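Feature annotations, reproduced from TrEMBL:
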DOMAIN    11-310  domain 'Amidohydrolase-related'
BINDING   13, 15, 100, 248  Zn(2+) 1 binding site
BINDING   15, 16, 17, 41, 137, 220, 252, 264  substrate binding site
BINDING   100, 137, 175  Zn(2+) 2 binding site
MOD_RES   100  N6-carboxylysine
ACT_SITE  248  active site
Ligand SMILES: NC(=O)N[C@@H](CC(=O)O)C(=O)O
Ligand SMILES: [Zn+2]
Ligand SMILES: [Zn+2]
C-alpha cells in the first residue's frame with residue numbers, strides 16, 4: 001500500500017463554532033492538526049483579547065482527553081469600533097495571532113463587520129506596527145455586483161490599496177477562489193499570502209450546479225468556473241511559500257443547508273488532509289503536499305514548524321453520510337462517497 005509520511009500539518013483557517021458543537025468540531029480538528037487559526041465569526045464575534053482568551057478556554061475544554069493536543073491560535077474580528085489599542089494588547093499576548101476583516105454582510109455571521117474599510121486604516125497601521133497579520137474575507141458586498149465577480153472586485157477596489165498603504169503589513173487573502181486572486185498574491189510582496197481550501201482544489205461550480213443543485217457544495221466565496229479551479233491547483237502545487245493550507249471547514253446543521261435559503265459553508269475537518277492529498281495526487285504533485293500543509297503556514301506566521309509526523313495511506317473508504325454536530329447532524333463534504341486517502 002502506498003504511504004506518505006509528512007510533518008504534522010496545521011490548519012490556518014477553520015470555524016470551530018461554539019457551545020456543545022465544539023465537542024465535535026474540536027475532536028475532528030485535533031485528529032492530526034498541530035495548530036489551528038480559529039475564525040472569530042461567532043455571534044457576538046470575538047472582538048478583543050479578553051473574548052479571545054475566554055473562547056480559547058472553551059475550545060481547550062472541548063479537547064478530547066486522550067490523543068494529540070491541538071493548539072488553538074485565536075483571531076480578533078475587526079469591527080467599526082476596533083481601536084488600535086485592542087490590536088496592541090492582542091499582539092502582545094500569546095493568545096491572538098491575527099485579526100480578520102469581514103466586509104459587513106459578506107458571509108456567515110459578518111453583520112458586525114467593517115462598513116467602511118478606509119475607516120479601519122488606523123487599526124491597520126497598528127497591525128503593521130505590531131506585526132499582527134491581517135486575514136481577509138475578500139469579497140465586495142454590493143448587491144449589483146455579480147457573486148462570481150466579488151472576489152476580483154475586492155482586490156481591485158480595496159486590497160491593492162491596503163497593500164500599498166501598509167507595505168509591511170502581513171496579509172492573508174483567505175480561501176482564494178480565482179485566478180485573479182492567485183495572480184495578485186503571486187505578484188505581491190512576500191508579506192502577502194493566501195490560504196486555499198480543499199474544496200476549491202477539488203471542485204468547480206459545475207459540481208455544485210450541473211445535473212441538480214447541491215447545497216453542500218455551497219460556500220463563500222462561491223465555487224468558480226473550471227479555469228479558476230485549475231489556477232488554484234497550479235498555485236497550491238507550485239511550491240510557492242505564499243500559498244498554504246486553510247480548510248475553511250465551516251459546519252452548518254444539515255437542515256440549515258438543505259432548505260429554501262441555505263447557509264454557506266462546507267464541512268471538511270473530518271477528512272481534511274485526506275481531501276488535500278487527493279487533490280495533490282490528481283495534479284501529480286503529491287510531493288508538494290508537505291510544504292503546503294506543514295511548512296509555509298508557520299513560516300509566514302513566524303512560528304516554528306511542527307517536528308513530528310503523520311502518515312497517510314492510499315486506501316479507499318466511504319465517508320459517513322452524516323456526523324453529529326452538537327444536538328444536530330451535519331452532512332460532511334463528500335458524505336457517502338469514496339475517499340482515497342486515510343490516516344494510518
Ligand atoms: N466559507 C463559508 O462559506 N462560510 C463561513 C464563513 C467564511 O469563511 O466566509 C462560515 O462561517 O460558515
Ligand atoms: Zn470567509
Ligand atoms: Zn471561513
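Quick reminder: no glycine exception, Cβ is built from N, Cα and C everywhere.
Quantities reported herein were computed from a predicted structural model and do not represent experimental measurements.
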Residues among the binding-site residues 13, 15, 17, 252 that border ligand 2 - Cβ under 6 angstroms, in sequence order: none
Listed binding-site residues among 41, 137, 175, 264 whose Cα sits within 10 Å of residue 15 (Zn(2+) 1 binding site): 41
Least Cβ-crowded entry, counting other Cβ within 10 Å, from the binding-site residues listed as 15, 17, 100, 137, 175: 17
Cβ neighbours within the same chain of residue 16 (substrate binding site) - under 8 Å, at least six residues apart: 22, 25, 26, 29, 36, 38, 39, 59, 72
Cα-proximity to residue 137 (substrate binding site), 10 Å cut-off, over binding-site residues 13, 100, 175, 248: 100, 175
Near-site residues: Zn(2+) 1, ref 13, 15, 100, 248, CB cutoff 8 A to centroid: 14, 37, 39, 41, 135, 174, 175, 246, 250
Among 17, 41, 137, 248, 252, 264, the binding-site residues whose C-beta sits under 6 Å from ligand 3: 248
Distance-selected binding-site residues near ligand 1 (C-beta under 6 Å), from 13, 17, 100, 137: 137
Same chain, 6+ residues apart, C-beta under 8 Å of the C-beta of residue 220 (substrate binding site), given in sequence order: 106, 107, 108, 137, 139, 264, 265
In sequence order, the binding-site residues (41, 100, 248, 252) whose C-alpha falls within 10 A of residue 175 (Zn(2+) 2 binding site): 248
Those residues of the chain, 6+ apart, with a Cβ under 8 Å from that of residue 41 (substrate binding site): 15, 77, 100, 102, 107, 108, 109, 110
Other C-beta atoms that fall within 10 angstroms of the C-beta of residue 264 (substrate binding site): 15
Inter-residue C-alpha distance, residue 252 (substrate binding site) and residue 13 (Zn(2+) 1 binding site) (nearest angstrom): 16
